[in-house]
Every structure is written in C-alpha cells, then in structure tokens.
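Student: Here's a structure for you.
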Amino acid sequence: MDLAVIICPLVAFLLYYDTLQAGFVYDDKRAILENADVTVASESSTMSALMVHDFWGTPLNASESHGSYRPLVTLSFRWTAHLVGVNHAYWYHWTNVLLHCVITAAVTIIAGGASTLFLQENQNKNELRHGNYVTGLLFAAHPIHCEAVAGLVGRADLLCTFFVLAGLVNYGRRASLTMTLLLTCAAFFSKEYGIMLTPICLLYDVVLVIHGHPRQSKRNNRMLFKRAILVLWSVALVAYRFWISGFQTPQFAKADNPTAASSSWTTRTLTFLYLPVFHFGLLLYPRWLSFDWSMDAIQPVTCINDIRNMATLIFYAILVTVVRKTVEQQSHNKTQKILVALAILITTIPFLPATNVFAYVGFVAAERILYLPSVGFCLLVGIGVQKLLVQQSNRTIICFSLLIVLLASGRRTIQRNNNWIDEEHLYRSGIEINPPKAYGNLGVVLQESGRLTEAEWNFKKALSYRPNMADVHHNLGNLYQQQGRYEESLQAYNLAILHRPQLAAAYSQKAKVLYKLKRWAEAERTLLACTQLTGHLQKDPNAHQSAKVSATILMADLLSQNASRVNEAEDWLLRARNLAPRNPLVYFQLGEFLSARKRHDEAAEVYIQAVQIEPDSIAWTVAAAHALHDASRNVEAEVYFRRAVALVPMDISHRINLGAVLHVQGKFHEAEQVYLKALHLSPNHPLTTANLRRLRNSWNTSHHSRSNNQSFT
C-alpha cells in the first residue's frame with residue numbers, strides 16, 4: 001500500500017481534531033436540532049417524509065420551502081440522533097471528520113493511480129509518484145474545506161463528493177453500469193450538484209475520443225446504450241426533483257443574492273461572470289474566509305470600468321487556453337493531457353449550478369461548494385508539481401516552496417477551525433467580511449448569554465451598516481422588552497414590520513408588549529394582523545408558524561379577560577390547535593383554559609393529549625394528573641402521578657401528590673409507603689408529615705373511611 005494513503009488522511013485528522021469539541025453553530029441548529037425529520041418529534045417525520053421534505057424539514061412543494069434537497073444527509077443526521085441522542089454534537093463532528101479523512105484517502109489514491117484507475121495503463125501506474133503526496137496533503141490541509149468539515153451542514157458536500165468520486169472511478173473502470181446509476185442517485189440525494197457526475201463522465205469520454213485513446217476502439221452500440229441509460233437516469237432524477245417540489249423553483253430573499261434581484265442586465269452578467277473568478281481566488285489564496293457572503297459582502301460589478309473585469313478576462317482567457325491545449329490532438333503526453341482534462345472537469349463542472357446559469361441560487365459565494373471542485377484543483381497542482389520535479393534540476397527550491405505552502409495552509413486551517421468552535425468566535429471572525437450579518441448574529445449570541453449591553457451595541461452596529469435588516473430590529477426589540485424598555489421595543493418592532501411586513505415574530509412580540517401596557521385594542525389588532533400573515537418567502541417557516549401560534553394563544557388569553565368574549569377565546573385556542581396539532585404547549589394552554597372554568601373532564605383529555613405528544617414532559621404529566629384528580633378520575637390520576645415520580649424521583653412534591661391520591665382511593669398501606677419515602681428524601685417535611693398523620697388517623701378510625709382532606713402540592 002502507498003504510504004501516502006496513510007499519511008494524508010492522518011494529517012487531515014490531526015488538522016480537524018479540534019473540531020470534535022465544537023457545538024452546533026449557524027445553520028446546524030436549524031438543520032438538526034429544530035428539524036423534526038432528524039429529531040423524530042412528529043408523526044410527519046417518517047422515513048418516506050424525508051424524500052419529500054427539504055433540508056430543513058419543510059415540504060418541498062410548500063411555498064415557504066428553501067428548496068434544498070438532501071434526504072441522505074438528513075437520514076445520516078437522523079441515524080446519529082437515534083444512536084447517541086440529538087444534542088451530542090461531538091458524534092456529529094466525528095462523522096464529518098472521518099468522512100473528510102476517507103475522502104482525502106480517496107483523492108490520494110486517485111492522484112497516485114490515476115492512469116490505472118481511469119485509463120487502465122499499468123505502465124503509468126507510478127506516473128504521479130510525488131504528485132499523489134502533493135495532492136493528498138494539499139486536499140487534507142486546504143482551508144477552503146473548513147466550512148464543509150467543521151460545519152455540520154457541510155456533510156452534504158462531504159457525502160456528495162464521496163459518491164461523485166466513487167461513481168467517477170466506477171465509470172472510468174467500466175466496472176458496473178448499475179453501480180454508476182446508484183452512485184449518481186446517492187450523490188444527487190446528498191446535494192443537488194451531485195447530478196453533475198453524469199456530464200463529467202460523458203465529457204471525459206469525449207476527451208478520450210479526441211485523443212484517440214485505445215479504450216475507445218471498443219466503441220460500439222452497447223457502449224452507446226450504456227451512456228444513453230446514464231443520461232436518461234439523470235434526467236429522470238431531475239424530473240423527480242421538480243415533481244416533488246410541484247414544478248416550482250425556490251425563491252430567495254433579495255439579501256441572499258442581491259445581484260439576482262438587480263434590474264440591470266449588465267450588472268447581472270458582469271457579476272455572475274466574476275463570481276467564479278472570486279471562488280477560484282479562494283482556492284488560490286484562502287486568506288479571507290467567512291461563514292456568510294450574502295448582502296454586500298461582495299459588491300456587484302456594475303460597469304465595464306470595474307477593475308475586476310480585468311481579472312475576469314484573464315481568468316477565462318487562461319481557462320480557454322488550458323482547455324484548448326488539453327484537447328489538442330498531438331501524440332506527445334496524451335496520457336498526461338487526459339489526466340489534466342479530467343482534473344479540469346472535476347474542478348469546473350460541479351461548480352456550474354452555483355454560477356446562476358441554470359437558475360438563481362440562494363447565495364452570492366459559499367466556501368462549502370468548493371469542496372468537490374477542490375479535488376480537481378488539488379489534482380492539477382499535484383500534476384504540475386510532478387512535472388516540475390521531472391523537468392527541473394533544482395528540486396530543493398520547489399520542495400521548500402511547497403512545504404511553505406502546505407504549512408501555511410495547515411496553519412490557516414487550524415485557525416479557521418477554531419473560529420467554528422462556537423457561534424461567538426464564528427461571528428466575530430466574519431466582521432471583516434460581512435459586518436452587518438456578523439454583528440447582527442453576534443448580538444443574538446450575546447443576548448442569549450445575558451450580555452445585554454454588548455448585544456445592544458452589536459445590534460445597533462449592524463443597523464449602522466444596513467438599516468433595513470428586519471431581523472435585527474426584531475431582536476433589538478426583544479432586548480428592549482427584556483429590559484422593560486417597552487416604548488423603545490415597540491419602535492423597534494414597528495421598524496421590523498416596516499422592512500418585512502410578513503415577519504410574524506415581530507407582530508407577536510409587539511402584541512405582547514401592548515398586552516403588558518394594557519393597550520388592549522392595539523394588541524388585538526396586532527394579533528389579528530399576525531394570524532392573517534402568509535408563510536411566503538420565509539427564511540425559517542417553522543419560526544414563522546410558531547409565531548403565528550403564539551399570537552393565536554395570546555389572542556385567546558386577551559379575549560378571555562372579558563367575560564362576554566370567553567366563547568371567542570375558546571375558538572381561538574381551538575384554532576391554535578388546528579395550526580399546531582403536534583405542539584404540546586397549545587394543548588396545555590387549552591387545558592388551563594378549561595380547568596379555570598371547572599371543565600375538568602375536558603381539561604384532563606387535553607392534557608393527556610399533550611403527554612402523548614411529549615411523554616417525557618413533567619409539566620404536562622403533572623397537569624394531566626391534577627386534572628384527572630379534579631375530575632374524580634383518581635385511578636387514572638394515580639397512573640400519571642406515578643409517571644411523574646418516575647420522571648423526577650428526587651422531587652418529593654410528586655410523591656406527596658401520589659400519596660394523596662392513593663389515600664383518596666383507600667390504598668392506605670401504599671400511601672404510607674409513598675409518604676415514608678418522601679420523608680426519607682426530605683426529613684420533617686411539614687406537608688408530608690401532616691398528610692401522613694391524617695392518613696394514619698383515617699386508617700385507625702375505619703378501614704372503610706375515605707378522607708378527602710389530603711393536601712396536594
């Protein structure tokens with residue numbers, strides 16, 4: 001076995017080892033912790049649902065869907081959650097790091113045995129003897145990979161790359177058409193650009209034909225039939241993708257891809273031509289990296305005089321020249337030219353969907369999408385270094401320069417991985433590149449950690465760069481509300497609504513402030529407006545729906561304050577249940593409403609439904625037990641009080657309640673044992689002592705007595 005296949009993955013593991021201590025950051029929370037398809041928190045999250053939901057757990061045919069389709073990635077998250085629990089980020093990161101190591105090994109093998117793997121020329125097996133080390137080490141250490149490996153949602157790019165490389169090798173060796181079809185499907189179901197495996201394979205065959213490679217002498221109807229099957233299979237996969245999304249393309253907010261929203265054809269054309277140049281620049285010199293490149297992180301190219309157009313012209317001129325030289329029909333170095341062409345195909349073809357050529361995408365630039373193209377880039381570097389080492393006499397300078405590049409890349413990777421350890425480090429690292437987004441997100445993190453003064457400063461700093469950021473106005477309003485600065489919070493919520501009229505969370509929070517200020521009429525109007533909002537073009541459909549449910553519950557609470565509108569209040573609670581039939585909090589609120597009106601039987605049934613949705617919730621369990629007792633259904637109440645004791649064994653209040661309901665049923669001996677256990681946990685507890693004394697008095701008076709004066713907590 002080539003030693004490079006061991007060394008390169010080991011270097012990759014050492015460089016990314018620190019990321020095992022990272023948590024859930026940025027999009028990880030939404031894709032994993034808040035995704036019912038991962039947590040299996042609802043009946044809708046069945047295995048079949050994965051095939052029709054987007055990456056965030058929203059049905060693909062819903063208007064609010066983001067459109068990202070990665071069922072295999074979601075399934076991998078789900079398996080991890082099932083095996084080790086949802087909240088253990090450590091094991092999710094282990095999977096990402098191991099995948100990167102496996103892919104590094106695969107890239108090293110491809111670099112070292114490219115001729116054997118793709119051309120079946122054993123005499124050239126060691127053609128890249130040194131190039132495989134260069135390729136493998138550069139791929140292991142390249143900083144552009146940090147987002148894909150350290151960020152858990154980057155698993156989509158890792159899996160897609162793995163399946164594309166496996167499919168490419170399988171096709172190159174003509175091993176199995178069925179396996180190629182399966183690997184194409186797996187790559188596509190990992191991330192959309194996995195479908196580009198097909199054009200890579202077919203264009204590679206074109207290169208072989210141009211160079212008259214001997215393998216193409218067997219070109220017959222059977223070979224053409226296999227290629228046709230591969231094309232039809234890929235078309236079928238794309239058609240299926242459009243079918244499950246209702247034949248509609250996703251729509252994105254203007255801030256996600258401002259150029260796409262530009263009315264100027266010149267701006268769109270020049271900018272979209274420049275963006276591949278920018279991405280290639282990240283491969284060449286990954287000094288400036290960011291968790292997000294949206295908004296104005298990259299200024300659009302608006303005119304011909306922009307100096308960046310010169311870089312665009314040079315880039316495409318070099319690309320055309322290299323491609324022309326590669327496909328020239330010359331006998332000299334045909335094998336090397338074919339391998340260079342293969343590397344160029346791997347670099348360019350998977351990147352095409354990100355160029356906005358086929359459809360507008362929801363980002364300006366993204367480092368993670370370069371994970372697969374970087375395979376081709378590293379192969380090109382390896383081939384180039386190998387050629388230099390063969391042709392140049394002074395190899396020391398070349399090797400020293402290469403060592404400097406690899407060490408610098410490794411150092412930058414370690415530095416960048418430290419940024420991905422937690423959200424505060426990540427957002428601070430992005431201030432230089434995307435200040436409004438970084439300051440806004442950092443403010444949220446600081447607010448959650450109780451550093452309110454710093455959070456307020458960061459929110460205002462974000463707005464100084466981009467005053468129309470509705471989310472930041474909303475978050476600032478929440479901070480003001482938390483501090484009791486209600487008038488300022490109302491102003492912030494109004495600005496949030498002004499800049500994004502569909503932001504349900506801003507309406508809901510504004511209504512809460514108005515409710516606290518006893519401005520009932522304004523609160524009711526705001527809540528009514530919130531409940532009438534649509535979910536169109538929402539970044540987070542779940543948060544939008546949750547805000548509407550909260551507004552509906554608050555409307556019910558507001559109306560219930562007026563005795564003449566109690567029936568309306570109940571109707572609003574029932575509406576909330578229809579909006580969120582799997583939200584236990586809705587059932588709890590409805591149960592509270594019914595209990596307050598002495599409708600204990602109905603309340604008990606509602607609480608029981610809440611427990612069925614979330615069996616491990618102590619709050620719902622205790623509420624159900626009390627409602628059952630109030631409804632004189634003590635046998636059932638006993639069951640739920642016992643469940644409460646099992647859920648929180650050290651809380652004596654549940655034991656006191658259990659003892660009381662046992663006493664009511666005449667189960668004196670069992671009740672006594674429960675009270676004695678409570679006293680063992682908390683000696684001389686006054687309520688337990690009083691209940692035990694009453695129990696023994698009742699027991700001594702008569703075996704048939706039923707005492708109803710036991711105290712519940």
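Cβ atoms here come from the backbone N, Cα and C positions, even for glycine.
No curator has checked TrEMBL annotations; they are predicted automatically.
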Student: For the transmembrane segment entry in TrEMBL, name the matching range from 132-153, 264-285.
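Tutor: When 132-153, 264-285 are checked in TrEMBL, transmembrane segment belongs to 264-285.
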Student: Out of 303-324, 369-390, which range is noted as transmembrane segment by TrEMBL?
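Tutor: Within the set 303-324, 369-390, TrEMBL attaches transmembrane segment to 369-390.
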Student: Counting Cβ pairs under 8 Å that are 6 or more apart in sequence, does the total for the transmembrane segment (224-244) and the transmembrane segment (264-285) reach three or more?
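Tutor: Output no: the transmembrane segment (224-244) is apart from the transmembrane segment (264-285).
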Student: Which residues of the same chain, at least 6 past either end of the transmembrane segment (338-363), have a Cβ under 8 Å from a Cβ in it?
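Tutor: Result: 66-67, 114-115, 118-119, 164, 168, 192-193, 196, 199-200, 203-204, 207-208, 211, 213, 249-250, 252, 256-257, 259-260, 272, 275-276, 279, 293-294, 319, 322-323, 326-327, 369-370, 372-377, 379-380, 383.
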Student: Given the model, what does the mean pLDDT over the domain 'DUF1736' (246-320) come out as?
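Tutor: Overall, the domain 'DUF1736' (246-320) comes to a mean pLDDT of 90.
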Student: Determine which residues of the chain contact the repeat 'TPR' (470-503) at the Cβ level, with the cut-off under 8 Å and only residues 6 or more beyond its ends counted.
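Tutor: Long-range Cβ neighbours of the repeat 'TPR' (470-503): 436, 440, 443-444, 447, 452, 455-456, 459-460, 462-463, 509-510, 512-514, 516-517, 533-534, 536-538, 544.
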